Amino acid sequence: MQDPEQFSIESILQRLKERFPTEADEISSFFDWDLVHKFTVFLKEKNEAGGFFSKRDSEEILDRHVLESIYHVYRITKKIGSWKGTQLGDAGTGPGIPGFFFRCLKEHPIVVLIDSQKRKLSHTENFVRSNQIDGVKFQFIRAEESKLSLNYVTSRGFIPYPYSIEAICNLLKINGTYVPFLGKHDMDTNLEKKVLSYSGFKLEFSEDLVPLEFLGMRHIKFLKKVSSPRHGYPRAWKEISKESKGANGKDRID
């Protein structure tokens, strides 16, 4: 569905009720809608300058990026319970999607937006600075080159899953959790087990996000870091990227 002519808190909440009629009230209680509105307007206004979205997505920012992210954040928050004292990183964040929507929670973690490309994320850095928004940090670095010791990491539209596990493995502390945003259940399970093993992770559980079916199949996985990665991992981005191009499972949201 195309975006409303003008974004307002009212138009965003109206679409929220249309898309998630049984959960809208609970979802609305989780978020600071003034901040959601400001960020949504920013995404639209800076889209062309920052090259945030494709031509199709530029007409459906609310459904395909804002509400999709908000629903993911809502479901993850229900599982986590409290974000108090935690740090969450978003790998390959682009302009801050989905990571910034964790900052839009009323009770939010410290959010670290991670991307090696400054073209998109520098606009978000300016947005955060000009609006004096605290609790957001920026890392202009490749995920596999960074060691941040975070509690949680997310990704959406990043390197294809399961190779994204390898790419982010050093971002998390031991017992930290990686929650990739995923599409169809079409990955090679043997490959997934292999990457989980050498990256030091185990699968805790997987959850389908049925209310997002208007966008296609969506699901999330909760992956716990149980040990340091094996020697030699994570590999350089060029190696991970080359191998991932033959992967069946995709982290990209279509």
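We count from 1, first residue shown onward.
Note: Cβ is positioned from N, Cα and C throughout, glycine not excepted.
Computed from a predicted structure; not experimentally measured.
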Please pick, from GLY85, GLY92, GLY96, GLY200, the residue that Swiss-Prot records in the S-adenosyl-L-methionine site together with ALA143, GLU144, ARG156.
GLY92
CB neighbours of ALA143 (S-adenosyl-L-methionine binding site) within 10 A?
29
Tell me, by DSSP, whether GLY92 (S-adenosyl-L-methionine binding site) is helix, strand or coil?
coil
Taking the Cβ of GLY92 (S-adenosyl-L-methionine binding site) as the centre, count every other Cβ atom within 10 Å, in any protein chain shown.
23
